[in-house]
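The block underneath contains the structure these notes are about, expressed in structure tokens.
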Amino acid sequence: MSLMTRFPAVRLTNPVHFLALGGGLGLAPKAPGTFGTLAAFPLYWVMQDWSLFPYLMTLILFSALGIYLCGKTAEDMGVHDHPAIVWDEVVGMLITLIAAPAGWHWLVIGFALFRLFDIWKPWPIRFFDKQMEGGLGIMVDDILAGLFALVWLQALARIFPDL
């Protein structure tokens with residue numbers, strides 16, 4: 001049974017649901033968070049040459065928007081943080097790629113680091129994931145996972161500059 005059959009209030013024709021579900025990538029039957037994270041790359045390709053200030057302001061906007069999108073979609077589904085809701089992964093991945101070094105291999109490393117921290121949820125990520133509810137609760141663990149991955153990506157780029 002498809003997600004849309006199980007959750008008739010959720011429709012990809014609804015812009016809130018469309019964005020929260022990563023344009024449908026969150027509907028992948030296996031690893032929806034991993035597939036949903038891929039939705040960040042078209043946005044990153046647009047944003048990658050921006051200076052830091054507009055990039056960060058866009059992330060703040062996307063985070064605030066995500067609190068609404070994820071919260072509303074979860075409410076419509078009747079399930080807190082359903083795996084199909086992936087806007088939070090998109091924002092977390094964009095955080096990971098702040099000032100990412102040039103080269104596709106750094107994007108792959110950033111992707112792997114973000115997925116690692118998002119799935120593993122080391123302290124304090126797991127703590128906040130369990131403590132917060134609603135749209136903010138859905139967003140916070142991915143924002144933190146993105147920050148963890150950002151720190152590691154930047155550290156690796158400094159340690160291995162010729163990679």
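Start at 1 and count along the chain as shown; that gives each residue its number.
Every residue gets a Cβ built from N, Cα and C, even glycine.
So that you can see what the record holds, here are the features copied from TrEMBL:
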DOMAIN    19-156  domain 'YutG/PgpA'
TRANSMEM  52-70  transmembrane segment
TRANSMEM  90-114  transmembrane segment
TRANSMEM  134-153  transmembrane segment
Spatial neighbours of the transmembrane segment (90-114) far in sequence, C-beta under 8 Å, 6+ residues away: 22, 36-37, 39-41, 43-44, 47-48, 52, 55-56, 59, 62-63, 66, 139, 142-143, 145-150, 152-154, 156-157, 163
Residues in the domain 'YutG/PgpA' (19-156) grouped by DSSP into helix, strand and remaining coil: 105 helix, 0 strand, 33 coil
